[in-house]
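Chemist: Pasting the relevant annotations from TrEMBL:
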DOMAIN    5-230  domain 'Glutamine amidotransferase type-2'
ACT_SITE  Cys5  active site, nucleophile
BINDING   Cys246, Cys392, Cys443, Cys446  [4Fe-4S] cluster binding site
BINDING   Ser293, Asp355, Asp356  Mg(2+) binding site
Amino acid sequence: MREECGVAGVVQFKEETHPVPSALRLYYALYALQHRGQESAGITVHDGRQPQTLKGMGLVPEIFDKDDLVSLKGDVGIGHVRYSTCGDSRIENCQPFIVKYKSGSVALAHNGNLVNGLDLRAQLEAEGHVFVANSDTEVIAHLLVKELLKYEPVEALRNVMKQLNGSYSLVIMIDDLLMAVRDPLGFKPLCFGTIDSGYAVASESVAIDTLNGKLLRDVEPGELIIFRDGEVESHQLFDEKYSAHCVFEYVYFARPDSIIDGQLVYRVRERIGEKLAEEHPVDADMVSPVPDSGITSAIGYSKGSKIDYEESLMKNRYIGRTFILPGQAMRETAVRLKMNTINENIKGKKVVLIDDSIVRGTTSRRIIDMVRNAGAEEVHARIGSPPIVAPCYLGIDMASRDELIAAHKTIKGVEAVINADSLGYLSVDGLVAAIGIGRDDLCVGCLTGAYPVEIPGESICQRRQLKLHEF
Ligand code: AMP
């Protein structure tokens, strides 16, 4: 199962005149991280005696109401939003995941994907552990409880991490002790900051902004942060030579107003657009984004090419789950309900259409056809990432190799399928330069097919192979 998610944690220790409950702060943090997961959400708080959880399927505002949140007592808590993916969509898989054991409780929220999750689960099952869900998170929770029976939290975490292969940004509560940990290669983002009453930790800095907080820094790869007695303790448990930050966070997944590993995502996307203009210039009348994913790169392309930025498509921001009746006319309506063309802007124009990525190719084809039908003279597709040629095993729900259009077709072949007059993808070097982090510190597995960790049946990028160097 793929886990593409958002996590958050809050601890409050200062007395305030108008205290906002931790559960409510977590609600706002999760709302800010909604783009990272729309399938389910959950909040667990701890009042010093026991954990209490609220979780459900759907969007953050649909799940929690004010009275429920206010009834969740406790100064410390964690939260989670989960993405709608191919995995089981059921309440058991909602996080935070809680295990009660003889010394207390462990609550855990996870963003990432373990490559060896199934193997670890099989070992634990053989030892008699019982699982209620089918997510990696439950595996990590059981491993942690096992270690906590023998060791203090720091040692216990170190021992758990030695067994995990894959990506994990975790927020954890061992009883009412809040901790945050990032895997030794730092695949998925995780950062923390101060809020007026204490600290917040989150997948993206926008959650800390929303709480009116101040971003302090990223959790480093292999680092464990413990928020204890109003202080931040850092334990660098593993120290790898290289990191493997996910490039797709910058390309598509993260919000543009987030700062991840020192880079403002907006600035990265703007540079992506500028690089695209450099690598794939075209004679055109206007640069237009596929909303919303192509907007910032289109601004960059426009700056780089000196071609005017103009919108040609408008997205309905309020689209939720809709019903459609069968039949072609209704299908057309469903598409138009989501996205409409601004015909007057398009008619007779040569349009450069910018999007962040092509996965299966179906979206590009549909949108290019719409722009053509609206009267465009030419449609040139420019894509803010290189061709996606291999699946992601590390937490982005991409598609299987069979479904990835660029895994089987040349660029000319993709151009024909999506019906563009020309198609230009950003190069891997161009993307790396736009991100501003060295290539050796990035995971480009989906773009090259060589991964920074061992994945059965796939090739490994030797230089960055994880050896688990303890600090
Ligand atoms: P398609 O090529 O039809 O599979 O869809 C590509 C579009 O989906 C692009 O416009 C992206 O903005 C968006 N996209 C890319 N990756 C993902 C993902 N992991 N989850 C959801 N949407 C995505």
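Every residue number used here counts from 1 along the chain in the order it is shown.
Backbone N, Cα and C define each Cβ position, glycine as well.
Could you place these features in context, so I can see how deep they sit and what lies close by?
Modeler: Cys5 (active site, nucleophile) carries a strand DSSP state (E or B).
There are 27 other Cβ atoms within 10 Å of the Cβ belonging to Cys246 ([4Fe-4S] cluster binding site). Under the three-state DSSP scheme, Cys246 ([4Fe-4S] cluster binding site) falls in the strand class.
Listed in sequence order, the residues of the same chain lying 6 or more apart from Ser293 (Mg(2+) binding site) and placing their CB within less than 8 Å of its CB are Tyr252, Asp355, Asp356, Ser357.
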Chemist: Rounded to the nearest Å, what's the C-alpha distance separating Cys5 (active site, nucleophile) and Cys246 ([4Fe-4S] cluster binding site)? Just drop the number here, would you?
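Modeler: Counting only the Cα atoms, the answer is 14 Å.
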Chemist: Please compute the mean pLDDT of the model over the domain 'Glutamine amidotransferase type-2' (5-230).
Modeler: 94
Chemist: Less than 6 Å between Cβ and the nearest atom of ligand 1 is the rule; apply it to the recorded positions Cys5, Ser293, Asp355, Cys446.
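Modeler: The qualifying recorded positions are Ser293, Asp355.
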Chemist: Taking DSSP as the reference, which of helix, strand or coil describes Cys392 ([4Fe-4S] cluster binding site)?
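Modeler: In the DSSP reduction, Cys392 ([4Fe-4S] cluster binding site) maps to coil.
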Chemist: Of all the recorded positions given, Cys5, Cys392, Cys446, which has the fewest Cβ neighbours within 10 Å once its own Cβ is left out?
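Modeler: Each of the recorded positions Cys5, Cys392, Cys446 was scored; lowest Cβ tally within 10 Å is Cys392.
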Chemist: At a 10 Å cut-off from the C-beta of Asp356 (Mg(2+) binding site), count the other C-beta atoms across all protein chains.
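Modeler: Asp356 (Mg(2+) binding site): 23 neighbouring Cβ atoms within 10 Å.
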Chemist: When you measure from the Cβ of Cys443 ([4Fe-4S] cluster binding site), which residues in the chain that are at least 6 apart have a Cβ under 8 Å away?
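Modeler: Cys443 ([4Fe-4S] cluster binding site) has long-range Cβ partners Leu185, Phe187, Ala244, His245, Cys246, Val247, Leu394, Tyr451, Pro452.
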